[in-house]
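Encoded as structure tokens, the structure appears first; notes follow it.
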Amino acid sequence: MKKYIVALDQGTTSSRAIIFDKEQNIIGVSQKEFNQIYPREGWVEHDPMEIWATQYSVLQEVMAKCNITQENIAAIGITNQRETTIVWDKNTGVPIYNAIVWQCRRTADICDDLKERDGLVDYIRENTGLVLDAYFSGTKIKWILDNVEGAREKAEKGELLFGTVDSWLVWKLTNGKVHVTDYTNASRTMIFNIKNLEWDERMLKELDIPRSMLPEVKNSSEIYGYANLGAKGGIRVPIAGIAGDQQAALFGQAAFNKGDVKNTYGTGCFLLMNTGEELVKSKSGLLTTIAIGLHGKVQYALEGSVFVGGAVIQWLRDELRIISDSSDTEYFATKVEDNGGVYVVPAFVGLGAPYWDMYARGTIVGLTRGTNRNHIIRASLESIAYQTRDVLEAMINDVGYDINCIKVDGGASRNNFLMQFQSDLVGKKVIKPIITETTALGAAYLAGLAVGYWSDKEEIAKLWFASEEFEPNISEERRNKYYKKWKKAIERSKEWAIED
């Protein structure tokens, strides 16, 4: 049997390639950052060719670094930033515009117009599981077709293709032979029906998107096509797993059972609860999404997306310049007994779940003459935990049962102050896995299952072990007192950007 699986992890700020062996040991990692493009306030773009160049180069680099040839790779799995939208020319393979990133708010006006259409908000919620928001791919596709010269005409002639980042990478890896996505990524577009598992005709009509642009939707674990990683005529490696980053992390955490919850602390924060084969409609502002698609069947999940999680730490470092390194936050946060009454609401691009307020903006409240740098840093870290509690409360309200623990991963999960505060604030155990690269691991698992590298989910579940556990150690009364103040701070940030 071939020895290794390669996971391509295409994220919001960097492209990574990670090689795993059968015992899920990490053999090698390569990573390259790429440019963030901000053409106007609230707009965020990436260059699709730079995404591809960085992703392919880290793949080559990690193989060379570990002295591994393609003969030893059983399969490639792909996980990606979701919702980010790329439209390219079918014949030349050249993108007609930059990738519009999930964080980008440029289509807020389109969303406002769509909200006026009879019954559309409810239809979207009922059939796509999503809320009508600029976050998702549908309105981004419409914007490109409406604003790039000649785009709509080319699309009508069947000359343009749309894809989320996974589709783009598969297209490039297979030299334009394969145009696919998986159920998890499709479920984030706002044009995919999560009940009948097909592109939704009404949504395509409402957004005026030709069906010919869309990729074929496949399972999250199957062979989609082959990549040639060496010289022409060399051994072809199967591309055999695809999942959006948050669903991949859920799978990588072995959260296979109904009621399992994970939170990924990345640029944003993403809480997912596996609801099994039950499609739970949220009453609390959460998304209903597809957790995974295997063997033509799907498991569903409830998701709460927090737009600014770890990004608040980047803001402290890059814009306020009150820390020089992200890891400094833990040190400074513990230099004060508490937040000094200061609350930071990092609604830089609006508020995600459960509020869905595109016009909210960041606020710092509770400042006094005695407030110092440490209070601001601590309150910024705490904001990540508060937003997580907002989402967790909504989830428990929707499903009608409690949970025992949260499995955590992502960059900010390395911050022990934050993890302890998180446990204190929600009153649940917080568990870190030994392998924290759960997103890449999920993609590796999916690819490995498709080619028989791992036999089944049961084998994978036995590989999952906890590295650290955090138990709550504050009273219920104190927990609720903190949270009440947070809710007050949230109210201050809402609807700030609405013009009077």
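Counting begins at 1 with the first residue displayed.
Cβ coordinates come from backbone N, Cα and C, glycine included.
Under the three-state DSSP scheme, Gly411 (ADP binding site) falls in the helix class. What Swiss-Prot records for Thr12, Arg16, Thr267, Gly310, Gly411, Asn415 is ADP binding site.
Of all Cβ atoms in the shown protein chains, 21 besides its own fall within 10 Å of the Cβ of Thr12 (ADP binding site). Annotated sn-glycerol 3-phosphate binding site per Swiss-Prot: Thr12, Arg82, Glu83, Tyr135, Asp245, in sequence order, evidence recorded as sequence analysis.
Same-chain residues at least 6 positions away in sequence with a Cβ under 8 Å from that of Thr13 (ATP binding site) are, in sequence order, Glu33, Phe34, Gln36, Thr267. According to DSSP, Thr13 (ATP binding site) sits in a coil region rather than a helix or strand. The feature ATP binding site is assigned by Swiss-Prot to Thr12, Thr13, Ser14, Thr267, Gly310, Gln314, Gly411, with sequence analysis given as support.
Residues annotated as glycerol binding site in Swiss-Prot, with sequence analysis given as evidence: Arg82, Glu83, Tyr135, Asp245, Gln246. Here Tyr135 (sn-glycerol 3-phosphate binding site) comes close to Glu83, Trp102, Ser305, Phe307, Gly352: these same-chain residues lie at least six apart in sequence, with C-beta atoms under 8 angstroms from its C-beta. The secondary structure of Tyr135 (sn-glycerol 3-phosphate binding site), as reduced to three states from DSSP, is coil rather than helix or strand.
When the binding-site residues Arg16, Arg82, Gly310 are compared by Cα distance to Gln246 (glycerol binding site), the shortest distance belongs to Arg82.
Each of the binding-site residues Arg16, Arg82 was ranked by the number of other C-beta atoms within 10 Å, and first place falls to Arg82. In terms of C-alpha distance, the listed binding-site residues Thr12, Ser14, Gln314 place Thr12 closest to Arg82 (sn-glycerol 3-phosphate binding site). Every protein chain considered, the tally of other Cβ atoms within 10 Å of the Cβ of Gln314 (ATP binding site) stands at 14. Considering only the binding-site residues Arg16, Gln314, Asn415, Asp245 (sn-glycerol 3-phosphate binding site) has Arg16 as its nearest partner by CA-CA distance. Other residues of the same chain near the glycerol site, with their Cβ within 8 Å of the Cβ centroid of Arg82, Glu83, Tyr135, Asp245, Gln246, are Gln81, Thr84, Trp102, Arg188, Gly244, Phe270, Ser305. In this structure the C-alpha atoms belonging to Thr12 (ADP binding site) and Gln314 (ATP binding site) are separated by 13 Å. The binding-site residues Ser14, Gln246, Asn415 differ in how many other CB atoms lie within 10 Å of their CB, and the one with the most is Gln246.
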